[in-house]
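Some notes on the structure that comes next.
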Amino acid sequence: MAAKEVKFQADARERMLRGVDVLANAVKVTLGPKGRNVVIDKSFGAPRITKDGVSVAKEIELEDKFENMGAQMLREVASKTNDLAGDGTTTATVLAQAIVREGAKAIASGMNPMDLKRGIDLAVDAVVKELKSNARKISQNSEIAQVGTISANGDTEIGRYLAEAMEKVGNEGVITVEEAKTSDTELEVVEGMQFDRGYLSPYFVTNQDKMRVELEDPYILIHEKKLSNLQSILPVLEAVVQSGKPLLIIAEDVEGEALATLVVNKLRGGLKVAAVKAPGFGDRRKAMLEDIAILTGGTVVSEDLGIMLENVTLEMLGRAKKVSIEKENTTIIDGAGSKTEIEGRTAQIRAQIEETTSDYDREKLQERLAKLAGGVAVIRVGGSTEVEVKEKKDRVDDALHATRAAVEEGILPGGGIALLRAVNALDGLKTANDDQRVGIEIVRRAIEAPVRQIAENAGAEGSIIVGKLREKVEFSYGWNAQTNEYGDLYTMGVIDPVKVVRTALQDAASVAGLLVTTEAMIAEKPKKESTPALPAGGGMDF
């Protein structure tokens, strides 16, 4: 085992704080409508230009192991916020840096780290409660467009496309973002269904870059039991090979010899095939397979219906224009099922929703209805260069997550104002001791950080902006960094989803609390490279 280096207390915190600062300083310049760009060098191709906080955070790796630990823990804040809310990563990073900095100062002056953390947690809970109580439900399409625009760094075109996509497929529909082949950004809405099962073997992948299986105009075999060998479906497999079309197999499971044979056939190029597990469990699985059959115009191969695998013909297989399978989900686009049958099925599901008394069953039925009736919207992002397209696609992804979050939990005034106003919730908090009170004050100062940073990125003085905002008490009164105007942010369209603001604060406080209470750090000692001995004669030629 290699020798380890151990750092304690102030020394450990100082090194960690240096790492936190490096990562946070690189990420926070992207915050707000006037956020700056960060250029990331790539080992191949052109450098990447981005304003996406989590993309910047993922690129940072420091040489000093102790500093790197601090940076990586802060990176975790950005990643976690991105996973939960899909946006707000830069805000979370700015908040975490502010809490860690203030916390380190308090500990250096002799405060108890555990009490500080308790105070921080108390304050965060109070602020989150205040944010939720001031949330405004989203009702109009224009508000969805505003959320999308803000999250896409002020790009109104992206906001408009997202609002249009959500209007067409509903809040439950599936929206995907792709790179366009032209310089124009466009929206395409396709009838389709997505379920949370991915390919059974990575050998089925056809698009190696995106690790995705793409089948054009495939046949779809829908089977409710396991497939262990292919003997029983050889006749239908041969018929599919003759037709020259790809085949998707949806079954309870495809295992052993059956899976191995399919993989070998795919690799040899004999049959373009992919297999996925059927979605759901028990009776719900049967219902979902029936949904897929109706959508694709196929038949579920089920012993309950008296259909044996040996008797399956091409006519019993479903058809679709395209099937896209990723590691964890499958999308069937433009199924060949008849419109009247699909409408009949959706009416049947709606009736079941009306009748059911179980919240869980209702939720699952609504999911099925959305998959049958919702469809898939594809936003194709265009640009003049590959670099521009990638940067824009990052912003569209952020904006998509933000709009979903806004519909889910409602909206708040944007520009960091909601956090600044929520500071009132900290006034009446009772604490067990003075150290916990300091923890609350740390959060009070930290939640000003996003407004200050947005102002600095826009070329304004943060403390002047904060001072002016404090003069007014209206919750939605704030400063619009894009236009440099003060007023009601709802009216100006500067809004943030509650989920994004809440998640950013909670994740920042969670990781900052861990950093503040760290007393020791252990890392492997760097190996000293020994200089090779010079050859006799010092390399000179006599």
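The backbone N, Cα and C atoms fix where each Cβ goes, glycine too.
Cross-referencing ASP184, ASP196, ASP334, ASP496 against the ATP binding annotation in Swiss-Prot, which names THR30, LEU31, GLY32, PRO33, LYS51, ASP87, GLY88, THR89, THR90, THR91, GLY415, picks out ASP496. Other Cβ atoms within 10 Å of the Cβ of THR90 (ATP binding site), summed over all protein chains shown, number 30. Around GLY415 (ATP binding site), taking its Cβ as the centre, 27 other Cβ atoms fall within 10 Å, counting all chains.
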